[in-house]
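Enquirer: Please read through the structure below; I'll follow up with questions.
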Amino acid sequence: MTTTLTAPAVPTRRRVLPRGFAHGGLLLVLVAIIVFASLRTDAFLSTNNLLNVLRQVSVVAVIAAGLTLLMTAGGMDFSMGGNVAVTTAVAAQLFAHGQSIWLTVVVSIALATVIGLVNGAVVTFTGVAPFVATLATATLLDGVALLVINGLSVSIDDQLSALGIGKTFGLPNLLIVAIAVLAVTAFVMRYTTFGRDAFAIGGNEDVARLSGITVARDKLLLYGLAGALSGLAGIMLLARLGASSPGTGGLQLQLTAVAAVVIGGTSLAGGKGTVFGTVLGVLLLGVVANVLNLLQINSYYQQISVGAVLLIAAVANLLQRRRH
Amino acid sequence: MTAEDPVVRVSDISKSFGGAVALRDVSLELFSGEVHALMGMNGAGKSTLVRILSGAQNADSGVMEIGGTAAGQLTARKARKLGIATVPQRRELVMTLTVAENIMLGDLPTRTSLVRWKPVRQLARQALRDLGIDVDVDALAGDLTVAEQTMVEVAREVRRGGRVLILDEPTACLGAEAAAQIHALVGRLCEAGVAVVFISHHIAEVLALADRITVLRDGRVVWGGQAKETDEAGLVRSMVGRDVVSTKPPRSIKKEQIGLRISDVGEGRFIEDFSVEVRQGEVVAVLGPAGDAQSRLFDLLSGRRRPDRGRLEVNGRHVRFGKVGRSLSSGLRCVTGDRRRLGLIPELTVDENLMLARDRLDRRRLHRRDRLARRAAPLRDDYRVVTLTPNPPVGLLSGGNQQKVLLAKWLGTEPVACLLEDPTNGVDIAAMADIHTLVDGLAAAGVAVLLASSDADEVMRLADRVVVVRDGRTIAEYDIDRISRDELVAVALGGAIS
Ligand SMILES: Nc1ncnc2c1ncn2[C@@H]1O[C@H](COP(=O)(O)OP(=O)(O)OP(=O)(O)O)[C@@H](O)[C@H]1O
Ligand SMILES: [Mg+2]
């Protein structure tokens, strides 16, 4: 009888292998580039360089984590880079006006969260496409950031150096923050109803709503979270650079984060996404940028190479998946 | 029957998905001018065979000959060129394009590579009219009812022509009238020499229509031959492996309390002054042609849409229209007839879909796969959900099994009252009997059940009372034991002109 085909539920074990496997193509590209880099230049594998790369990717990783969750729910926030710019600008000015570290950090992240919530409210209650709404706020925020620092570079001296260059057990503090954010995001996506709601909303918003998921509230929360993480990333970036200047954060950072998330296999249409894939995407972009710098490749060729690697990685990821 | 050569001959086709076998050594011959019915339970492999015939998937082994020559590896394009047209089980219209564009897709009339819109609409209208279909060619495909979408898709394939037309459960979500149109169409195509493959779970329909029948069970051919060599009981036994009986149990509605009351609901020209009362433990059917007033009930009762006027009460308590949360917390459960759009999330696993509503109602915060599986297991058993792998994404299940998941998702949440829209849409006879028993069980447990249906047989089997609607109005209401099936069909069709 057919009913005997209903196999007993033993899904937990079987997941382990396909998980790493699902990103096999991406892993391969990453390994290939690392091997290539270490053969071409000794500088790549030096502790200093590796720490430097990890510090740089940490900021992108925090943004990408929030974006992964949001995009899985079918949302999109193009203004996270702009939000980072505003946060660094505001925090730098607060420092410049002699405010304490705690106050500065709390105020900046709160502001970033509010910006995220405003995005969320616009998207959720007016039905404007997330891409359009947040692209508009992105432009707006980039301008606000310039206003706040008055178009000049504002230094914060060594106020955040504990975060920016400090280490714990040999790991940069920035990296530790990023790992914590990624771990929590991964946990939320896999083990909480809120995270599963994101998959459901991204998969089919109507079904999600009919199933009793509070879609509007969840979306608002997700955009708020994206804002909060932008704020955190802003503080991290400020700590690393030691100053807020025109062009800190902004669209360039945003595009890197979006690229990392999409390369990692998160669907632009929603319903699919993993933090693991995003981590691979972030690492890949970080390593490529670093290698190109080390090899002192002409900046035109740098852009071309980054584009090419993006394309290869995206295709590798997709081919891999189609076979399953 | 002349001893001519088959148009299509497949021999020893096998197909498996990740180690799980969906088809083993299936052989089949299609003759021109014949209707060849494929039958079998949900998950038997019918649609998989269709996908192989139409080039959407490739078989692992086996040979396919089309028109006497070996076809090799088919692609969708190649199959179409060889004259195989397919209407798959999943509707495949481009929902954002108009009906006219959908029908003419890939074959748009052009002049110097610019689309000529007038002939597009004319040809599309002609294609629909040839089949006696009344659908606006300028409507967006996404705005059509499932029944209309089916008709449009059939019209498209027929227009493109070919020597083989495969219809995978074309009548699963159609009412009697629309189904009759499809049957007439199949008859006409056969006379014109087309070989038609027809899939359906309705045995009477198949026996009336088919010349030849192949029965699949667990991916194997268990019976094949002329339709006249078999009968209903024989088919059931080969499909299921045992006899299936579904008889209506005597229902004693002791409770007098009204579980669900809808009064004076009106919505545009779709519903006019609709009222119905369902007592606890009673099953009341709303019967109408596919797409009529009964198909609007889901949107209204689930809270997706607010009617222009009217009132809703569940167990005597007023429930505001237009809020999903209110509808759910009143204990009302609405099971859609459109599971793809409003029922399930295809990317999520079977277990997660099963518990999607339940976990939200329970306000569960954490999600553990192993616990989820344990909680979902009884539902899988009760509803006999068949999967090849332990917990695949629900989109990979056979259509009937998806329907079972949908019912289980909602009826496993202790409803006070429920709306079931075409609940046995696409399920096999064994599952249909199971679902009927489940609905009996709901009634016995005191749930007020409102059944929205376009299938008179199902209404006769399940309902205690039936409300017949047509063009948005209630035209009659009967206790089910006061009316015969044929009378009911006559009343339902009564309003029809021409
Ligand atoms: N891409 C796939 N990956 C894994 N399993 C699959 C895939 N496609 C189909 N299956 C499985 O193969 C089996 C046969 O499915 P198929 O759709 O052919 O059934 P069917 O006879 O058409 O059933 P129904 O009457 O419910 O439509 C099912 O158990 C289904 O879950
Ligand atoms: Mg099928």
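Glycine is treated like the rest: Cβ placed from N, Cα and C.
The transmembrane segment annotation in TrEMBL covers A:21-41, A:53-71, A:101-121, A:128-149, A:169-189, A:220-239, A:251-268, A:275-294, A:300-319.
For each feature listed, report its degree of burial, its nearest neighbours and the pertinent distances within the displayed model.
Expert: For the transmembrane segment (A:128-149), the residues of the chain that approach it from at least six positions outside its boundaries are 75-79, 81-83, 85-86, 88-90, 92-93, 115, 118-119, 122, 244-246, 248-251, 254, judged by C-beta separation under 8 angstroms.
Using a Cβ-Cβ cut-off under 8 Å and counting only residues 6 or more beyond its ends in the same chain, the transmembrane segment (A:220-239) has close neighbours at 58-60, 62-63, 65-67, 69-70, 73, 75, 77, 79-81, 83-88, 91-92, 105, 108-117, 119-121, 123-124, 156, 160-161, 163-164, 174, 177-178, 181, 194, 198, 248-249, 253.
Remote same-chain partners of the transmembrane segment (A:251-268), defined as residues 6 or more beyond its termini with a Cβ less than 8 Å from a stretch Cβ, comprise 22-23, 26, 59-60, 63-64, 67-68, 71-72, 76, 78-82, 84, 138, 142, 202, 237, 274, 276-282, 284-285, 310, 313-314, 317, 321.
Here the transmembrane segment (A:275-294) has long-range neighbours at 19-20, 22-23, 26-27, 29-30, 33-34, 36-37, 40-41, 43-44, 49, 52-54, 56-57, 60-61, 64-65, 67-68, 182, 185-186, 189, 256-257, 259-266, 301-302, 305-306, 309-310, 313, 317, meaning same-chain residues at least 6 beyond its ends whose C-beta is under 8 angstroms from one of its own.
Under 8 Å from some Cβ of the transmembrane segment (A:300-319) lie the Cβ atoms of residues 23, 25-26, 28-29, 33, 259, 262-265, 277, 281, 284-285, 288-289, 292-293, all in the same chain and six or more residues away from its ends.
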